[in-house]
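Undergrad: These came from Swiss-Prot, pasted as-is:
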{"type": "COMPBIAS", "residues": "353-365", "note": "compositional bias 'Acidic residues'"}
{"type": "REGION", "residues": "39-61", "note": "region 'Disordered'"}
{"type": "REGION", "residues": "353-413", "note": "region 'Disordered'"}
{"type": "REPEAT", "residues": "30-70", "note": "repeat 'WD 1'"}
{"type": "REPEAT", "residues": "71-110", "note": "repeat 'WD 2'"}
{"type": "REPEAT", "residues": "120-159", "note": "repeat 'WD 3'"}
{"type": "REPEAT", "residues": "220-263", "note": "repeat 'WD 4'"}
{"type": "REPEAT", "residues": "277-317", "note": "repeat 'WD 5'"}
{"type": "REPEAT", "residues": "321-358", "note": "repeat 'WD 6'"}
Amino acid sequence: MLENLCTLPLSADLFTQVLHPSEPLLTVGLASGKVETFRLPNDDDEEDESGRRTSTSSGRGMIKSIWSTRRHKGSCRHLAYSHDGSAMYSAGTDSVVKHFSPETGNVISKIGLPPRNSATSTTDCPAILHVLSPQTLLLGTDSGGLYIFDLRENGSLNPKPVRKHVPHADYISSITPLPASAESTSGFPKQWVSTGGTTLAVTDLRHGIVATSEDQEDELLCSTIIPTGLGPKKMRSNAVVAVGTGNGILTLWDRGAWDDQQERINVAGGRTKKDGESLDAIVRVPDELGWGKKVIVGVGDGSLSIVDLKRREVQFVLKHDEVEGVSALTFDYQNRLISGGGRTVKVWAESGDDDLDEEEEEEAEATGFKRPARSDSDSDDDSEDERPQKSSNKKQKKGKGNQARSVAFPGLD
């Protein structure tokens, strides 16, 4: 179903990765505070220097470092692109949010987070960023706070947040926008689902927190939305949100019924809660691949589980790493899967063998490839040397900057 095209080594543990919406650009944020952008092989790059055609149409070629810098004094916790890809934002443990150019990495503007509350001068630590629309950026924090910032015409952040809500009692682990209603004139979301600690919440841009779930008695770590096709009977067009938990269970939530989960899929659970592996990252498989209603889940044991949401089962298991868990999953605009965790990023593409016959399925099960479901100082000097640091990111309990480097894909002459 998927084959690994390339493994990209990193200089420190990965905290976050993000892909340009329309260009083959991958940016990573590391525990050392370093941010680096790579150019992935592109279908348009059809000839090499000697004029020979390369195999980039299948996603093979060279990954090249475009720029690198120490963006934050502490770790880089999260990255986000603007909707059109013209601007990027980073947030670090230094409680600073920076707006910079994706092509050069040059900082255009920056802001510091306000104090956590009126009773203290201590600033909160950012945990996650999400650009909701061309005018709005959301920032979730370690304390469960959620700030709403206005974006100016050039993408710069207004220094003061427009609003602050506190939907969770613990750090915000994911933000998933809900599709705009049919009556929307802009087409951009006005509501979003967030997870933090052991609860799920829904927040409205204008009206604040509109729903909070019951205590799930398990950490909710990641989420994604399936817009149609999985809702209850006679409501198949209703959206469903898939949420990964700390004990290896993938839970499904019907839009509008936010008090509790409706379905459970055992992805990496054990006999007890302590035995399960955490589900730290999730991504919906693009419709263009024609796989049906599936998600790929990054697991704390370093595996990638491909989950069929209609059958409520794990169909295939791949391996990102033997030791480190998978902390980030994204599909690029060419529908290649990018998995990240530990000190490696991997690029995956369809192998061409989408349909296994019965004999192949038996062989896959015998080798363990297929697993059935179970029951239940602001330094932007590109020449600065980097030294990996220990991470303070709660989700990870479990050379020189400007020199270009590249990694070859296999299969080239």
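Each residue's number is its place along the chain shown, starting with 1.
Here the Cβ of each residue, glycine as well, is placed from N, Cα and C on the backbone.
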Undergrad: Give the nonlocal contacts of the repeat 'WD 5' (277-317) in its own chain as ranges (CB under 8 Å, at least six residues past its ends).
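TA: Here the qualifying positions are 1-2, 219, 221-226, 229-230, 240, 242, 244-250, 252, 263, 265, 267-270, 323-331, 335, 337, 339, 341-342, 350, 354, 364, 368-373, 395, 398.
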Undergrad: Determine which residues of the chain contact the repeat 'WD 4' (220-263) at the Cβ level, with the cut-off under 8 Å and only residues 6 or more beyond its ends counted.
TA: 173-174, 176-179, 193, 195-202, 211-214, 269-270, 273, 276-284, 293, 295, 297-299, 307, 309-310, 312, 376, 395
Undergrad: For the repeat 'WD 5' (277-317), give the DSSP counts of helix residues, strand residues and coil residues.
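TA: Once the DSSP states are binned, the repeat 'WD 5' (277-317) shows 3 helix, 23 strand, 15 coil.
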Undergrad: Taking helix as H, G and I and strand as E and B in DSSP, count the residues of the repeat 'WD 4' (220-263) in helix, strand and coil.
TA: 0 helix, 20 strand, 24 coil
Undergrad: Take the repeat 'WD 2' (71-110) and count its residues per DSSP category (helix H/G/I, strand E/B, coil), listing them in that order.
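TA: Result for the repeat 'WD 2' (71-110), in helix, strand, coil order: 0 helix, 20 strand, 20 coil.
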